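As recorded in Swiss-Prot, the features of this protein are as follows:
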type: ACT_SITE; residues: ASP13; note: active site, proton acceptor
type: ACT_SITE; residues: HIS41; note: active site, proton donor
type: BINDING; residues: 12-18, 40-42, ARG306, 332-334, 414-416; note: GTP binding site
type: BINDING; residues: ASP13, GLU14, GLY15, LYS16, ASN38, ALA39, GLY40, HIS41, THR131, ARG145, GLN225, THR240, ARG304; note: IMP binding site
type: BINDING; residues: ASP13, GLY40; note: Mg(2+) binding site
type: BINDING; residues: THR300, VAL301, THR302, GLY303, ARG304, LYS305, ARG306; note: substrate binding site
Amino acid sequence: MANVVVVGAQWGDEGKGKIVDWLSERADVIARFQGGHNAGHTLVIDGKVYKLNALPSGVVRGGKLSVIGNGVVLDPWHLIKEIDIIRGQGVDISPETLMIAENTPLILPIHGELDRAREEAASKGTKIGTTGRGIGPAYEDKVGRRSVRVADLADTATLEARVDRALQHHDPLRKGLGIEPVDRDALVAQLVEIAPHILKYAAPVWKVLNEKRRAGKRILFEGAQGALLDIDFGTYPFVTSSNVIAGQAATGVGVGPGAINYVLGIVKAYTTRVGEGPFPAELDDADGQRLGERGHEFGTVTGRKRRCGWFDAVLVRQTCATSGVNGIALTKLDVLDGFETLKICVGYELDGKRMDYLPTAADHQARCRPIYEEMPGWSDSTEGARSWADLPANAIKYVRRVEELIDCPVALLSTSPEREDTILVTDPFAD
């Protein structure tokens, strides 16, 4: 049976939640493999809106196993709150439908405090634009081998030792930032209190998933954010603190790379970005405002207004290469309805030279200027289209040109937030 990885191929907010939900109906397991609760998914099912940050999108589908892998950093208090909210919407969540990898690092209150203090202390031009939820510092502790992990919650003595090790690092850091030392006993008490609520979902996820694979079950690997926020291949330092590209799916849950049969890149028909960092095709004019208003471009987590621009084929071609994308799901095509002329970024001008990729150095990225190709728009609506025959001729030409420029075919086309408004070209789950 084919297993599918879903990754964002831009800066996040591409519409992954809808596509994952659309695919999850045919998957047996849905697994989150990286990120934290800094990335939000909005799902619309039968007119009901679900907003998820920490939970995999599969939880709203009955009879599926949802998994939070070791590549995720988990805020246990946020997770329990989110579970309660989703349960209140009539969704059943139990240890039979949700598993958390025992080796998943936890986000502690000290991580959020450090995250926010650093952003406040940063001078203009050095702010990353984080959500302030502690994801970056939690990953720092993971790499620094001082994380409190899910399994540590099962034994108080081990838990206290882990907390003490973390505070040896955090207290001097906090002193330098002018923050009070951590109340060690209060933190331990908080963790002891939350422990039973988390431990009932704890499992050796690597073992469970490998058994599911041998049994021929279909696994859908769900990424958060977007490949341009990848810690290695994104617009560093304006990136997230984890690997976002498809290769992380294997290490983020504990399966081999051979478990991945198809990589689906989610791509918006235009470009958006939240927070700081380079954005060559950004629009500060009426067209950019129109894209933002029509696309309802406000962050699910922060409510921050997203920066908007024309479709950047250079960036998407690059992320399709680094993630090994087999096909893309092109979303929000309907937002482009009514534009008389559309532009696609097909290259950059950097210090008088033409570039066909985004350079690595941050100062070079900041100086890249877009080279555009113009295409005629369309006046008819594409919203709700469910077949190619429903699309205006110029919309089809736009999609075909995108395919040519990014060297990757369109596998799915999304024309509204409703999961049924999807045109299937290639089935990612096909064996």
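Backbone N, Cα and C define each Cβ position, glycine as well.
Known features from Swiss-Prot, placed on the structure.
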| residue | record | Cβ contacts under 8 Å, 6 or more apart |
| --- | --- | --- |
| GLY15 | GTP binding site | ILE266, LYS268, ALA329, THR331, LYS332, SER414, PRO417 |
| LYS18 | GTP binding site | THR42, LEU43, VAL44, THR331, SER414, PRO417, ARG419 |
| ARG304 | IMP binding site | VAL274, GLY275, PHE298 |
| LYS305 | substrate binding site | GLY292, GLU297, PHE298 |
Measuring Cα to Cα, how many angstrom lie between the residue listed as 'active site, proton donor' and ASP13 (active site, proton acceptor)? 8
Tell me which residues of the chain lie with their Cβ under 8 angstroms from that of GLY12 (GTP binding site), as long as they are six or more apart in sequence? ALA39, ALA224, GLN225, GLY226, LEU229, VAL274
Among ASN38, THR42, THR131, GLN225, THR415 [binding-site residues], residue with fewest other Cβ within 10 Å: THR42
Between the C-alpha atoms of the residue listed as 'active site, proton acceptor' and GLY40 (IMP binding site), the distance in angstrom, to the nearest integer, is 8
Nearest by Cα to LEU333 (GTP binding site), of the binding-site residues ASN38, GLY40, THR131, ARG306, is ARG306
For the C-alpha pair, I'd like the distance in angstrom between GLY40 (IMP binding site) and ARG306 (substrate binding site), rounded off. 14
What whole-number Å value do you get for the CA-CA distance of THR415 (GTP binding site) and ARG306 (substrate binding site)? 20
Determine the most Cβ-crowded residue among the recorded positions HIS41, ARG306, using a 10 Å radius around each Cβ and all protein chains in the structure. HIS41
